[in-house]
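Residues or ranges marked as transmembrane segment in TrEMBL: 96-124, 169-195, 215-234, 241-261, 267-288, 300-321, 333-353.
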């Protein structure tokens, strides 16, 4: 690969996700507008990633644990609480309205989650320097990896900026990705809340215990599929492709629901949506995170993505209505439409990103940045002429 004959000027420092103009950090080089990184031992970096995963992911997984109110419904929740008609849907809606409004400042789950939050205060680190479980060498490597992803600055943690916050939310990749999150969570939360109810309508003669157990296999398959999809997306470095292929599984599954009343076919159909939708939550967050630059824009972009996802969850509480059972054509039709929308949006976004990257590759970045101060270049974020979308 051809390199610039002279080091990049400080005012044009910039780092990208991997692109045709970018070499791996292990080679000690980055994009011509990026900050140089020292050569890295690939085995050491792999060990660092594994160590960070083992320390951070377990507590995050516990924090993310959700209530199984859908299973409680068929176990007698409505009868015990005297709920009738739309009471179950209303209770879910009330939860989501509060969740959306107070998602950032407050934690509304329960005392257990509050206790986990207190534990995480002492177990989660806010930056590399405070990670006591990292050696000095590992901290240096982690900081080098972070610096290689910064645009026009050597700061690892940037100061809050309204302009950067808006850059994160109004990012042309973040907006369609958040829309995907909205449609995805209509299905994700719809299945979480109503899969037990759907299984009960398919096998009404089974005992409650058997109906509960029948909800387990689809979720196990969904977990395995999510892990495999995420692994291959990372390994192949093609997140845009995996965003596209997630939706067709659900589209086929909900089409089967609408096309037949055969209980065995309908139960088989419950296995298809989970193959794609469980991974979409991880994909949308990672896709958003990979296509912003600063911490401020990343925080606002992720919050926007999660907020739209929770609005989708609110919609899902009214997808499966009492009068629509046992076929639930409205709910299944809504989910089919949602998944079809995901397929269209992700497909269009994939080609739009590729087109934008090709267009950006023809721009003379040095000329575009001429006369701009370091602060002005930092504020450009994804508008920087040397930026490339990660797809």
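Any Cβ shown, glycine's included, is placed from N, Cα and C.
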Contact call for the transmembrane segment (215-234) and the transmembrane segment (267-288): at least 3 Cβ pairs under 8 Å, seq gap 6+:
yes
For the transmembrane segment (241-261), what are the same-chain contacts with Cβ under 8 Å, counting residues 6+ beyond its ends?
177, 180, 187, 229, 232-233, 268-273, 275-277, 279-280, 283-284, 287, 327-329, 332-333, 335-336, 339-340, 342-343, 346-347, 349-350
